[in-house]
């Protein structure tokens with residue numbers, strides 16, 4: 001009954017922003033353009049409940065009836081990211097408190113403490129009212145919880161109490177807290193529960209075990225807050241799906257926890273339009289999409305998609321180049337998006353987001369970008385049947401963890417060392433090779449993968465290690481990098497040689513390390529080819545592993561930099577240093593041959609390939625995400641789904657050109 | 001009776017900073033040097049009212065009697081920029097409150113909320129006492145209100161209430177407020193007047209219509225505060241003039257509102273002494289002076305003029321190069337200053353301003369700078385009769401508006417886009433051409449101008465448009481640039497193609513725009529000459545206008561970048577992009593020929609020309625504001641006023657050399 | 001009885017951080033390694049007093065008994081830098097208040113206001129308990145007060161009251177305060193003592209005389225706070241010495257006042273390990289050591305010495321290069337350290353300092369750095385007898401003052417002008433020449449020196465001037481630089497030509513000055529050699545002095561830049577500008593010949609020489625503090641103390657190589 005897997009286009013629309021007389025012309029034009037889905041209401045609390053308990057849904061009824069009249073489906077956002085002024089005035093505890101004691105004042109958005117009892121009470125109430133009211137509306141298909149959850153690091157009294165309870169629940173008593181956090185350092189020991197507060201003052205030099213648990217508490221607070229809405233929606237609207245729109249990565253959030261309660265994840269995707277970033281944007285974008293697909297390890301939605309120049313809190317970006325809107329929408333589908341909702345139908349004429357441009361400009365005259373969107377809708381609707389139900393099946397996975405990132409952010413390792421940037425570099429190397437790749441939570445089962453790359457496994461426990469070891473023992477190729485095995489999951493350094501719990505499978509021992517930071521050192525591979533490395537140099541003793549590259553600098557010149565260890569039926573690589581991308585490319589290419597990975601060879605720069613498969617067949621997406629025209633050599637003959645021709649040999653892709661080929 | 005049009009020199013003097021025994025020697029030396037005017041007392045509140053109601057004017061009486069004895073005229077500053085400690089201790093509401101709730105603590109200066117009732121009451125009282133006491137003093141000729149008004153963005157309770165009343169007065173009811181500000185976006189609607197506060201927390205992402213009205217409220221608060229003093233001074237001292245000393249531009253202030261209540265505007269002028277800024281300082285300085293002249297569209301005073309190296313809150317600047325003090329004083333007169341008061345007689349030995357150097361150093365030994373000032377006084381006094389009563393009569397105007405600037409600052413348009421910097425660039429092009437130029441408020445009548453340049457008319461209403469259209473219809477040449485017609489004056493985007501209300505007179509329509517920011521694109525003119533453009537590219541459809549330059553880059557290459565439209569008897573140019581200065585120079589040179597503008601041709605870099613005219617004749621000022629000696633080709637024979645010789649042919653100007661020629 | 005002059009090695013150890021079972025193995029290994037001294041307990045308040053009045057010294061007893069068993073001596077730190085949570089919860093007045101009113105929250109360290117009565121009461125109590133308990137313990141030899149005193153600029157009520165009393169004690173009445181601080185400027189006059197507060201709000205633009213006195217008050221607060229502990233320790237443990245560990249310079253602290261109450265000063269020395277800083281680190285380190293030796297003008301301790309890569313609040317540094325740990329330890333001895341305590345035995349596994357690496361890594365496997373430390377201990381123990389009791393006897397002194405630095409920081413003089421950096425430059429020139437140099441407080445007697453360099457004597461009084469004049473009159477060579485004699489010690493500008501009180505001995509008068517800041521100007525010496533100068537140019541009139549270098553730029557080109565004046569039997573140089581280091585080298589080389597200074601000639605870059613002498617003889621230290629191997633030409637034959645060979649001719653020093661030669 002719940003369907004959220006249709007390949008279709010949508011728009012974000014704010015009826016409350018426009019004269020009611022504009023609604024029907026707008027919606028009629030949506031219909032004509034080929035739009036199928038609309039998201040509404042996620043910021044409309046002050047219109048939906050104009051005073052305490054005074055709900056006014058009439059306007060939304062009329063809008064939804066119009067959507068229904070034109071056969072558009074609707075996702076309703078719960079409006080809790082924007083508590084109205086009557087609520088924050090009456091219950092100031094809704095407002096978050098910064099580390100320095102200042103209040104997150106109303107007037108923008110996101111001014112809500114996830115642990116505020118007032119927010120939870122009134123947020124649940126409006127959710128309940130909305131759910132009951134729209135449970136049976138024929139246009140409504142699903143719900144979005146709140147909007148773009150993010151960490152607020154709130155320091156209010158409610159958070160203090162909630163955090164104390166969270167710590168109690170985790171550790172039981174203060175002796176154990178003191179022991180697990182190592183508070184004896186600098187006389188930070190707690191002797192009374194009331195001494196335990198959230199990190200007031202915000203100093204980054206506080207106990208890192210405490211800081212990491214505070215992060216976890218905040219993550220859990222979001223999940224718990226969302227669950228108050230999920231419970232209502234599941235109970236009142238069992239036939240509707242539930243999603244949430246995650247936004248730009250890296251995100252300081254337990255996406256996996258938030259996602260576990262959803263039917264489908266969604267992402268707000270605004271690839272940078274600047275030609276100066278053309279070399280990296282398509283790849284960091286691809287990573288974002290792969291991360292989103294990894295949240296639930298299934299297809300996803302885009303809830304806000306690039307439609308014009310973003311602006312507002314920064315100077316406006318470049319306008320999307322011709323083809324860019326279409327190509328980036330196809331990129332999301334190529335990487336597992338089903339429905340792609342564009343933000344927004346028309347640019348706002350009022351409020352802070354006036355220059356976050358929609359498909360139609362303030363003038364309300366549809367222009368170049370709208371024409372491109374119209375073409376896109378037409379194409380997507382034509383291919384809907386073919387593509388619906390298809391998914392990506394990859395043989396490579398990169399492991400990702402918000403916990404590793406948080407711990408590595410709490411204590412900087414070396415200048416230039418950045419957990420997510422390191423993932424980006426590896427992901428880019430894989431993507432440029434033409435190999436598909438999943439990005440999944442560290443603790444996920446690894447069945448089905450041939451190669452798993454697990455960078456910077458800083459925090460470890462036995463469970464993670466067993467998962468990795470089992471994968472390798474069974475024949476998998478596992479790649480591990482430096483700063484792994486450094487800590488327990490409580491952010492306490494282990495008292496054993498690094499990589500700690502991974503010493504066994506990697507077969508190496510770190511004798512010492514040298515945080516070279518932004519300096520560039522040299523590494524030589526077995527063929528004598530030179531590469532550059534940065535960030536970190538582990539000085540390694542290969543216990544049973546074999547070196548495959550050696551340092552070429554400093555007092556450890558000639559010692560191993562990268563090793564490989566035969567482990568069970570598989571192999572475990574260890575990178576003692578942060579190798580440049582080229583080294584990853586060479587190694588991954590070799591592995592792809594060894595492992596017989598599916599790969600689209602010979603991709604020019606800026607061109608991405610991916611495959612969606614299903615009962616209807618397999619479909620190869622070739623996307624030129626650059627301003628230059630390029631040629632791609634096709635290894636065989638294909639049917640083009642977009643122009644119904646047969647393609648072979650040299651395929652010409654115009655700037656932002658898109659091909660979808662039946663395999 | 002009130003005279004403030006004499007061409008003369010003055011100094012700022014602080015009797016309260018020095019032993020009384022030094023006063024007469026100082027004043028005698030002023031007299032001998034040729035000083036005519038002195039400003040006093042603008043920071044002396046703690047000496048004038050040593051405790052609540054305990055006024056002690058004896059010391060100032062004695063100082064003023066000495067000034068009178070030596071025939072020096074005196075301007076008294078009301079001391080309200082420095083409330084004494086007894087006042088702020090008793091009435092802490094005098095102190096402004098920052099957006100984060102912190103107090104602007106006493107101990108520096110400017111620690112006064114313009115809306116504080118205590119400040120207004122005690123400020124009026126001391127003003128009343130001073131006015132009554134000095135109304136008939138023979139040395140006193142005028143008053144300066146407060147000192148260097150500036151925006152404090154106060155967030156105190158008094159400001160909250162005053163702002164609420166200001167909004168009520170403007171809009172009447174909350175429904176209209178919500179509608180005019182578009183608060184529905186992000187559920188920001190007000191349901192009770194008490195919810196309406198000044199922008200607490202200071203987030204720049206608040207509603208831009210609200211933020212702009214808050215700016216206007218703050219501007220009006222300054223005007224209202226000043227008026228409390230104006231009313232007293234006008235009533236008690238009708239024979240005295242009133243001025244205020246504006247400071248560095250761009251200034252976030254309604255200078256026109258403040259100026260409307262004054263007899264004469266004044267400016268505090270500290271051109272940068274660094275040789276590294278020599279290429280721009282003389283031109284940004286010229287603009288400052290033209291802006292000041294435009295406040296009341298009449299001659300003005302300099303109330304603080306460069307006398308030595310400034311310092312104190314920044315590292316000290318270079319000492320003024322020989323000739324610089326004299327040349328920059330003449331520059332102010334050349335651009336409409338009558339009286340030039342130098343800051344300050346002698347450097348302070350105590351307090352935070354010790355290194356803001358005066359004419360005489362701490363040592364009290366007059367040196368090189370004082371000798372130069374002495375020469376200057378002598379020259380000015382010699383020419384006083386000739387020059388007094390003369391003014392500038394320009395045929396070109398640049399329109400300026402604190403409202404446009406505020407709105408453009410609230411929402412950044414594109415990287416590098418800066419309203420005032422854009423004006424600077426155009427003004428520099430005009431000035432380098434040797435063409436005189438006024439800089440006036442957007443809403444001023446335009447009679448008498450041949451060319452009007454109106455950059456970035458972002459906010460518009462019908463009245464502004466009618467003024468511009470009438471000017472062009474009557475034969476004027478109007479130049480308009482991109483980001484015009486974007487908004488209503490309430491900072492709401494218009495729902496019509498840009499340039500909105502200016503579409504009719506410009507004859508163009510903006511199809512779309514591309515915020516290129518700091519990137520450089522190419523533009524080609526009709527002769528095929530290439531130019532650079534930055535910031536912004538409107539993609540234009542010339543409805544009835546004719547292109548005169550075309551883009552040379554990106555997907556809109558070949559489309560019009562600059563157009564001209566015949567409109568009535570005049571012409572309207574539209575710049576779709578931010579052209580480099582050279583393009584302005586070429587176009588303005590052509591216009592100056594077409595329109596027969598008065599122009600001094602062939603100015604070398606760093607040399608400025610301007611003309612003051614009156615009943616006594618017309619006087620051409622040629623100022624070499626550079627460290628290099630230069631030669632200027634004179635188009636005719638002139639009498640030099642400074643050395644009584646006849647000049648013709650090649651005129652040699654030494655570094656910082658000055659010539660004043662009778663035309 | 002008190003001995004703190006032994007040449008020996010120590011470590012910092014935290015028994016409370018480790019399982020008790022690890023103590024004896026750790027201490028046994030210390031003993032085996034050659035460690036003689038251990039510092040303990042300086043952060044252990046929460047373990048020593050687990051609740052108010054509940055002291056638990058058992059664990060420390062057991063640890064100290066073990067130290068005694070293995071014949072290790074112990075220094076105990078009073079734990080007042082880390083008040084426990086029960087104390088700050090019960091007495092929040094312990095916590096400092098920032099200028100903006102926010103609280104310095106517990107959770108890190110150093111969260112204690114020196115003027116808090118609660119801190120003083122409870123700090124004295126725990127000190128008393130510790131002193132009484134360990135007064136007779138056979139392992140204990142001394143005490144460290146608190147840890148790394150630093151300025152907190154506290155703004156709490158206790159500080160307000162204490163500051164008011166401090167000002168009262170200094171000036172007596174408010175009239176005098178107003179006069180001495182010149183508060184009349186900007187109406188800052190105090191009319192009631194309650195108006196006088198610490199600098200709330202923290203604006204740097206407050207009255208500079210007030211700001212300087214506030215600094216002095218804060219300095220005195222540290223001294224007074226320390227004295228509460230000193231008094232107890234002296235009375236209870238007269239047989240123990242007392243020290244304090246100063247940290248990185250420049251330090252905003254009255255080190256001389258703090259040091260006056262100590263038996264011996266100590267320093268925490270972490271030379272930068274980055275190869276990119278190799279050219280400067282050894283010299284700024286040498287200066288730090290000379291500054292520390294100057295605190296009491298006697299030998300000193302290192303209480304924390306580089307043992308591994310520092311990290312934690314910044315990205316980790318490079319690991320110490322092989323030899324670096326040993327060479328930098330020898331450098332401290334070469335410059336007057338007796339005991340060198342390394343921080344720390346083993347890296348912490350918990351808390352914020354996990355990545356401030358100790359001699360042994362988290363793994364507890366002794367590695368390369370520990371082996372180097374072992375060698376060092378062996379060498380030091382071998383030479384202990386020879387070196388104990390020896391000291392440095394230098395003929396050159398650089399005068400230093402925290403007061404000059406504070407005043408120059410309060411009011412920036414010119415871009416790039418930095419008091420301590422200027423001292424660094426001169427000290428580096430002296431050190432590279434191979435000349436030994438003391439760095440002592442401005443007000444110290446100068447007997448025994450041949451050359452005294454006194455840079456930037458900004459604040460002056462007659463006593464300082466007399467000291468300097470007497471030195472020169474008696475035959476000394478005195479070098480004085482610009483920005484001297486500018487102010488009284490109350491930070492008020494003098495009303496006489498500069499260099500003010502130094503005009504007489506320098507024989508020059510500053511006519512005017514030009515703050516050239518970061519610009520580079522030219523200076524020519526008598527031989528016509530060109531040099532560069534920056535920061536400042538005094539335009540000089542040599543009254544009786546003779547120029548030795550002249551400006552080559554700007555309007556004062558050709559006028560004197562540096563002068564020398566015969567004064568009594570000596571000479572006084574005046575530098576009107578900030579000369580590049582090369583000029584100092586040339587001049588100092590000439591002076592070293594003229595004055596017959598002891599000098600080790602021909603030092604390669606990065607190599608430092610110094611001499612310790614005593615009854616046992618004189619010992620020349622040659623230290624290669626670089627990653628390159630170098631050759632040093634020996635002027636004579638020496639016995640090498642380290643390898644018992646005879647050295648002469650060309651001495652080869654490996655990277656970080658050390659030689660100690662008997663002279």
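Every residue gets a Cβ built from N, Cα and C, even glycine.
Record features (TrEMBL):
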DOMAIN    C:12-382  domain 'Glycoside hydrolase family 42 N-terminal'
BINDING   C:109, C:147, C:313  substrate binding site
BINDING   C:113, C:154, C:156, C:159  Zn(2+) binding site
ACT_SITE  C:148  active site, proton donor
ACT_SITE  C:304  active site, nucleophile
DOMAIN    C:395-597  domain 'Beta-galactosidase trimerisation'
DOMAIN    C:606-663  domain 'Beta-galactosidase C-terminal'
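Counted within 10 Å of its Cβ, the other Cβ atoms near residue C:154 (Zn(2+) binding site) come to 25, all protein chains included. Helix, strand and coil counts under DSSP for the domain 'Beta-galactosidase C-terminal' (C:606-663) come to 0 helix, 34 strand, 24 coil. Straight-line distance linking the Cα atoms of residue C:156 (Zn(2+) binding site) and residue C:109 (substrate binding site), rounded to a whole number, equals 18 Å. Sequence-distant neighbours of residue C:148 (active site, proton donor) (same chain, 6+ residues apart, CB-CB distance under 8 A): C:81, C:110, C:245, C:246, C:247, C:268. In the three-state DSSP classification, the residue listed as 'active site, nucleophile' falls within a strand. Put simply, residue C:109 (substrate binding site) is 15 Å from residue C:154 (Zn(2+) binding site) when counted between their Cα atoms. Closeness to chain A is evaluated for the recorded positions C:109, C:113, C:148, C:154, C:304, C:313 by Cβ distance, with values under 8 Å counted; counted residues in sequence order are C:109, C:313. Secondary structure at residue C:159 (Zn(2+) binding site), taken from DSSP and collapsed to helix, strand or coil, is helix.
Take the CB of residue C:159 (Zn(2+) binding site) and look out to 10 A: across all protein chains shown you find 25 other CB atoms.
If you take the C-beta of residue C:313 (substrate binding site) and look for same-chain residues 6 or more apart in sequence within under 8 angstroms, you find C:352. Other Cβ atoms within 10 Å of the Cβ of residue C:113 (Zn(2+) binding site) number 26 in total over all chains.
Each residue contributes its Cα atom, and for residue C:159 (Zn(2+) binding site) and residue C:147 (substrate binding site) these two points are 21 Å apart. Neighbours of the Zn(2+) site: apart from C:113, C:154, C:156, C:159, residues of the same chain with C-beta atoms within 8 angstroms of the site's C-beta centroid are C:96, C:97, C:114, C:115, C:116, C:152, C:155, C:157, C:158, C:160, C:198. All protein chains shown were included, and the count of other CB atoms within 10 Å of the CB of residue C:109 (substrate binding site) stands at 21.
Other Cβ atoms within 10 Å of the Cβ of residue C:147 (substrate binding site) number 24 in total over all chains. With a cut-off of 8 Å between CB atoms and residues at least 6 apart in sequence, the same chain places C:12, C:245, C:247, C:268, C:269, C:270, C:341, C:342, C:343, C:344 near residue C:304 (active site, nucleophile), listed in sequence order. Around the Cβ of residue C:156 (Zn(2+) binding site), 23 further Cβ atoms fall within 10 Å across all displayed protein chains. Averaged across the domain 'Glycoside hydrolase family 42 N-terminal' (C:12-382), pLDDT for the predicted model comes to 97. Cα of residue C:147 (substrate binding site) to Cα of residue C:113 (Zn(2+) binding site): a span of 14 Å.
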